[in-house]
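Per Swiss-Prot, the features are:
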type    : residues        : note
BINDING : 56, 61, 67, 296 : [4Fe-4S] cluster 1 binding site
DOMAIN  : 68-285          : domain 'Radical SAM core'
BINDING : 82, 86, 89      : [4Fe-4S] cluster 2 binding site
């Protein structure tokens, strides 16, 4: 495969196409506003002018319209081609291009132009880099803080598989305000839904970051509907607390296309609320739990209490 060439859909996941007639119907509570407004066009224009990507667009997030209308976005750095091919995700797979050394500056310029005060920076997984891209994260944070004033930065990182020591060291060059790494699902479903990832290694990443930088809040996210049970979710939540995770997001998995993993169930708003209450009882400082919640959805509001801003 050529550098920069993208694989999506069936080419990426290698899953058999599923008959849509057999798919579960979306319930009435799965509703997201269409991303059509002048503000969406304005923000998209800024991003394209600076050659930036948002996970909102690349992962077909159901909240894109609402978040763009509010003037917020989650930036995806290090390109838009991922070295992994998770069958729940709509980000393209392939051989990524070299890092763009001008990206940190462009990112800071975009944040200034968009007048943001809280930003989330995430990335594709870059198994091809010696530190998984951690130094690039730190460079982006440093550039934001040099060019803007008072902006809080949350990073949503991959698992840095095989590069954790180097990643933790390089992140220390310029630390975020919040460190986020998603477990995504329960350990029983990892082989199918997160090929290449390891449940306990992801837990350990959260724990090691907390041990290394104890003053930085940690966060993780789960998506429901891949075939997990309620008790399995509660067990993962307990594991996260044991490993020092402070904040949690829980949302509904929505299938990007018929070439991705099918939705096994739609969790009711009442059950999402039960998970939220259970999480607070376990000791999470903040739990956002609902059908359309994503790890970066209203991240500024969730972090407000923790960061005392």
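Positions of Cβ are set from backbone N, Cα and C atoms, glycine also.
The shown structure was predicted, so the numbers you read here are calculated from the model rather than taken from an experiment.
Looking at residue 67 ([4Fe-4S] cluster 1 binding site) and residue 82 ([4Fe-4S] cluster 2 binding site), their Cα atoms lie 24 Å from each other. Mean model confidence for the domain 'Radical SAM core' (68-285) is a pLDDT of 92. Within 10 Å of the C-beta of residue 82 ([4Fe-4S] cluster 2 binding site) there are 25 other C-beta atoms, taking all protein chains into account. According to DSSP, residue 67 ([4Fe-4S] cluster 1 binding site) sits within a helical segment. Just so you know, the Cβ of residue 89 ([4Fe-4S] cluster 2 binding site) picks up 24 other Cβ atoms within 10 Å once every protein chain is counted.
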